[in-house]
Amino acid sequence: MAWLLFITCVLLGCPELLRGEASGPGSCDVSLRELLHAFDSSPPPQCGEDGSFLPVQCKFINMTDRTELDLLYSFNSFPEAFETFSSFRKFFPLVSSYCFCSDSRSRELQNTGVELLLSDMYDTAFSGLSSGRSFSQSNIYRVLQRRMLGVRLALTGRFRCPSACEEERRAAMEAGAIFVPSCEAGGSFSPRQCQQGGRCWCVDPAGRELPGTLVCGSGSADCPSQRRLALSRLFSGSDGPVSEASSGSPASCLSLLRPLRDLLPEGADPTSFLSQLTEVLHGLFPSVGGALEALSRSSPGRLQENLFGGKFLKNAAAFNFSGVVAGPGPGLQRNQDLVRSVSRALEDPSFLSALQQTLKDLSRPASASLEQVLTPLLRSCSDEEEDAAAIFVPRCTPSGGFQEVQCRGSVCWCVDSEGQEVVGSRTVGRPSRCPSRCERALTSAIEKKSNMAAGAELHLPVCSEDGDFLPLQCIGSRCFCVDADGKPTTEPTAGAVTCPERRSLKSSAGRCSEALADVVAFTRELKSIIALSNSSHIPLGYGFLLAEGLSLTPEELQISQSEEELQISDRLLRGTKAALRLAAFSTVKMLTPPYRRSYMMFMPQCDADGSWKLVQCSYSTGQCWCVDEDGDYIPGSLSSRSTKLPNCPTRCQRAEARFLLSDWTKGSDVSTTSPYRPQCEQDGRFSVLQKGGAAGWCVNPRTGEMIQTATRSATGQLTCPSWCQLQGLQCRPDGSFAPLQCDVTSCWCVSEDGQEVYGTRTARQTGRTPSCDRPLCPAPSITHGALVCRPEAGGRQSCDLVCNRGYQNSLPVSNFLCETESGQWGGDNTPMGGACQTSQPLQTVWSSQRWLLPSSCSQISSLQPLLFSLMTSRGLCSAQFSSSGRSASLCDDSSVSLRCDGGDSLRLTLRWSAALSDLPTSDLPDLHDVALFLNESRLLEDVQDLLGNLRSALTSEPKLVSVTTPSFGCSRGFRLNDDGEGCVVCPAGSFSQEGACLLCPKGTYQGEGGRDFCNRCPRGSSPSGASSVNQCETDCQGRGLRCSQQGDFLPAQPNVLSNTWSCFSSEGAELEWTTSEQPLTDNECSVLSRFQAVPGSDLILGAENTEVLQALTSDLRTCVQACAAEPSCHHVALFSRQCELYSTHTLNTDCSSSQPTSGFLGNPQAELFDQLTCSVRVRGGASDLLAVRKKGAEFSSQRTQQQSFVRTTMTRVVSGVFRTQVFSSRQTSLSDAHRFCQDGCSRDACCDGFVLNQNLVNGGSLLCGWLRAPSVLMCDEQDWDVIGQGPANRSCGAVLSRAAKPSNLVLDFGGEKFTFAESALTPDSKNKDSIFSFHAIYLSTDAAAGSGSGSGSGSCSVSEMVAPPAASVQMKFESLSVSDVLVDPQRKPPTLSFWLNKKNYDSQQALLWCLTRCDEEERCSIADLRDAESAGFFSCSLFPDTGVCGAYDSVTKRSCRPVLDRAPNAAYRKKVDLSGAVKIFYEQVSFQKLLSSSIRSWITVTENTKLFEGFTACERRCDEDPCCRGFGFVRYSRTSEVVCLPLTSFGVQTCSEDNMSTWRTQDCKTNEVDTKPEPFGWYQKPVNQWTSSPDLCPPFSLPDVDVSMEQWRRLSDSAVLVDPTLTTYDVIHVSRDIAADQNRTRDWCLKACQEAESCVAVTLRKTESATRCVLYPDTMVCGLSSTPSSSSPASSCRLVLKEPASQVYLRTERLPTATSISIPSHGYLQGAAVETTIGSEKKMVVQFLGVPYARPPIGSLRFEAAQPADWTGTWEANKPRLVSLMFWDELNFFIRLMEENPSCPVLSRPVPS
């Protein structure tokens, strides 16, 4: 019911629940959380770790009134009561338990409930263990669960509850349903389900039908799958990859079977019993770790009683179940015998010891279940020891099942429908017969009968000696007749029944007929073989004889054989695996039809010099793996089919890893390490010069073998000859290889690294030498190849790209032309360093059909989606694989294609395709199997059936045009190799298109290989074939000018030719009037670029009535800087070092415009001006006069004759524009429009200001809007939505929206609307930021001050007061006083700003408007109203919640005050509405402690509040806070105070509750905060529900730590080994919100390791919510890296990790541990460094043992006072020594001696290192 409520909630009102993490909450978790929200006392369900309902559910009943115990409240209030049964009975003396089996929704299953009395349960060795978070983790529940399953074992023979499949099967059989589910032995649904006599289908593990299934086998016993796997092993070849399973020796089950043979009754099968016992062990122990802990904590004799809380299991074997089942029948007796055997096994020391050792040897994770671990082991119990060379290939029926008889060689046996061998049927030769249908039905009926209730009747078939159904069958006293197949022919009758006799040849003819039948069958088979052999050169019967091991001589065959034929015959008759493979291949190759893919032998892949390539691939299976230099398989490197080849380390890289780890090698490990630390080149080869201390060696770069000792140069540096010189080849003066190499017989070309260029070797006797010149144009270093060029001719040089053997040119061009004069490559093709690539296996498969459909072309739009839908619904678009349980898609958007083929016909193309990586190798191990999988005949039949359903839409029958057999190809980003049997990746700098790799065009780049696209350069352009974004150059970088890091033009630019400096605009245009012989700075040019030169045509000289602000003597820079610093300065005039600054007064400008026309972009009132020019007036008229003026965007204030205008920081006016003037930006400058607009507004008494906007509309426009009483101004330049801190529910600037007509856009300009077509904009300008280049609002200072001018004057229309918002909004807020706010002027909180015109709003209306706006804004928490900077407006400021209480370890235990940068005026805070349902499912965090977490607020749950009400209120509080990432619901143990702690960050999480670690670095002792039992703990909001605007939340970051990376070394993948069973590790999580800086996060984790002395390694890996840091002690292991037979076995040391990680760091050195100290007048004490446990942490200490504190009291000193010890030299204090007995006076002397000499070492005194 809880899950249904959850689904209903999701569908109707709270979709947030679905937006959690991908896994989502479990149904039991949801039910439990709903129970918390319901505030009632319903019994809580018991949940598993995955959130699902546990199969066994228990509740407690009060025996007096039969009421249920409130388990949730009881466990939370008295957790100690659930640790022992005695404690439980003390707290609840009159309570009994009731347990039952439940389904997936916690509903009680029929007839499974059991009342379990608690009076006979006693405390055990496991009692007293602290209970977990919930009742299901307590010892009480575990004992009840085991007792419940013990009852199930005695009743049903299964130590588990009925599975979903078994329960559905029981219900279906009782109801007589047509469909009865088929279940596996373990209770799961069989992958293949069938109706009785009807259709079959495949299901998933939950029993749901899988739609669109192409392949459906019979589950794990799928005969075709097993046969394909066997054939794949047969045809893979002897040099193929080593199986991962064979890398280690599997554990044997014999150690478990031996003790069981003595415990079981005579005749019992130990293997079968071990399988049943495994189920019992799985139910007893939650995991491998739990089993090992239990086995170690309890003695064998008491283990069973400790597990069941008494002798329950022993007694269960004698329980009287006569009231439950039909008397003591054979089934019940067999189950009780099983219980006795299980009971004996659980107290047998030999078996328990073997079990404990087996679990340790298997090395599985401690969290793994016993079923997962032991089930694979059980399979080895039933397998007989076989010849390793033998390969069993099962025989299958045409329908995919197993043939009844299976044979290998001369041995045959019977199998059931699952392919399992029938016990006792194995014989030499074919068995006489297998169990008949009647005998199988009888066995099944007897099994069903044993599980049925008493009195139930079931038909038990009666069979003859030959296994046939007898004609007469009975059910109890009623009998009926059946036919030969066992089908009833009469109804059951209580009276006498006579059935007709059935005559049978077998029953009348005796043994002769059987022999005759065998002869007839053999003769028939012989004739068919002879008939087939007539078409073959070698008779197939001879192959049959060879297979049977019968060799016929040439004389017997009457043929003559050549020597070669005799060798082949001898080889075939050896009976080895190779002989079998040879015979199989010869047969398959002979009989495979043309154009069909057959099996392929594995071919070793070699490098140019004949050595093994690091990566080897099987083109038949599609798998790849790594090998070493000997070709030996590197364990763990086998990869499945993929487009990515495995990353294999080179010989040098492996040697470097071994050396780095050698310092951590344990003393017991035998290792031989290099005398130097190997240094590797970028390509992975050894550096020629290797250093070790002061010495150096020259080595072979391929093998690392030392050639000679390095010498010292004149400067004392170690040097080596080049690799070329070391080999004694022809070298250039700089030591590099000469491109042409020769010996006495031939000459050849070599690459830069000395590799011979394939195909260039030429014999000297020919008199010719190859052309081996190096290119004269810049060329990259060619990996795995070389550029071979011919001599220059006519200013050009022709070069060819030649790849090494085993590599192919991935690009279509291999010849390049160098223009020697320009030094550039001709055309668009340039050599690419990564063009030579190795081939890899094929990656895709596809098949197609073409049909001609008789239908009109108008039907395409309706038929195409219909066909695709039909293909999907009929299973033609997906495949389900039974062995692996995986599925694969076979269709995409191109699978159905229809095109018109004339007026009355359509051409239909159906295409199926799949990536080979999606097809599991366990089901389709070979590409041959993949081709058979896409069987075109089967697809053809299915399509014919599909098209038959469309017959009504077609005028006649569809016609098949062609069928394409399954074909293989390559994924996008690859092309087929030259022979079409593999794929070549398109390297970085290229992309794939139509099956070819092409260079990325200019202006694009591609930094990764295997792509089918190129990225556009974010800035500038790039050459063709660019493989990095760094090759993208901006115009500035291309011109060689001074550029910023982003490639933008810097303002100041030098001219090297003229030795001058100039300023440049941001577009790269030179400002010629700024040219100076003195250097210019960027700051100076930034000021100068804000001005523009006034052309002579716009200059009025000798003007009178001008207003000059200042006249001074200065140069250009000083003059312009003075104007820039003066807001009222408009322009300057400079002549003869005289500078005049002119004001913004209208006297200094003269504007003229054309006559306006009415109408612009659908607005009839707009005034459109064709031309506008504003001239600048200056007083002087000197010939050298230079006038420059500010650009329009630079004016913050201007003054006219009438009034002054000030630019506001607001960017949007909602309304108030009453006149709009429009100019073309192509004809009018922004400065002129600004001046004209301002002058016009100043002359209008009703104009309060204006809005100026520059945009790209209509080819570029300037809009001037005159303002009258604007009601609301908003969007300050620093508001959070303007600067990008977060979104807000408003639009800023000029508002652009879509019109009613979708292709049109509407521009809202202060209330005026303009409409234009979207097509009028360029593609680069179709976003708001690029459309508008300038937008500003200017207000008249007189109007703003309310001086009487402007709209407030009597001649202007009076502004109407705006209707106020509802006063009820104020009820949603609470008033804030100054004391409620923390004022910090240094901290500027995010803000949303609004100005409300006082002419439109009074103070109360303004307050209500402000509160209403805050209520509408999700992220608003505080609203503050005050007077604006402009006197005519109110200022409404909205703030998010800025309150923080502090961190977890420094929390302020009070209501947290919000932080503002100024004291509030009329401030209100939004109340938190805690009513309503919880919106989000909060997931529990499995850590006990949070360090450096950010606590939003501290809310105490009052005593009169129910606990679960407080928990729900805490959830709701986090729901309503966008910054909340979770919360803590904890109890402080000292005060018992329950608090809710909403968190804005989870900070650093330590002390994990999930891991099974035995090693800790953090202090996890119990602190004052209790996080269990439930519902206490830390709860996290799903990550995808975290705020998308973290800048609006209080700032929080990870503290800085000081870590030197010189003390750490990052390890490669080859230097680590993953072992999930590792138990020495510690986990720390750094919350994602504070882990954005990867280096800081890394340093924090490394610092945490450094603070723990025994920690030596750290791994980092990103999870969804945090960066996961795992800390390790020394976990190094060493061994041989290659097989013992390898030519060069070497020691390999690896760091063992619990889990894989993206980053692994190892401490390069540890602090030296001083193990000796100096003792004055004696000498030195030599101690020993040991690791010991101190608290929860392991530390290294130096231990001094057996230190003498006095001379021995013997001889003359026997009765004297103690004398100081007289030892000198070095005292070995690393072992204990004999001591004499101490008397009290001696002991007191010893104590006084220690007090007087605190520095004196003492006996066995450990000191920290």
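If you go along the chain as it appears here, the first residue is 1 and each next one adds 1.
Every residue gets a Cβ built from N, Cα and C, even glycine.
Remember, TrEMBL labels are computer predictions, not curated facts.
Annotated features in TrEMBL:
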- 1-20: signal peptide (SIGNAL)
- 162-223: domain 'Thyroglobulin type-1' (DOMAIN)
- 378-434: domain 'Thyroglobulin type-1' (DOMAIN)
- Cys414-Cys434: disulfide bond (DISULFID)
- 435-499: domain 'Thyroglobulin type-1' (DOMAIN)
- 592-648: domain 'Thyroglobulin type-1' (DOMAIN)
- Cys617-Cys624: disulfide bond (DISULFID)
- 649-720: domain 'Thyroglobulin type-1' (DOMAIN)
- 721-772: domain 'Thyroglobulin type-1' (DOMAIN)
- 1085-1174: domain 'Apple' (DOMAIN)
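Feature map: annotations from TrEMBL on the structure.
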residue	record	CB count, 10 Å
Cys414	disulfide bond	21
Cys434	disulfide bond	18
Cys617	disulfide bond	23
Cys624	disulfide bond	24
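A gap of 38 Å separates the Cα atoms of Cys414 (disulfide bond) and Cys624 (disulfide bond). Here the domain 'Thyroglobulin type-1' (592-648) is broken down by DSSP into helix, strand and coil counts: 0 helix, 11 strand, 46 coil.
For the pair Cys624 (disulfide bond) and Cys434 (disulfide bond), the C-alpha distance works out to 43 angstrom. Take the domain 'Thyroglobulin type-1' (592-648) and the stretches 435-499, 721-772, 1085-1174: counting Cβ pairs under 8 Å, 721-772 has the most.
Note: the CA-CA distance between Cys434 (disulfide bond) and Cys617 (disulfide bond) rounds to 44 Å.
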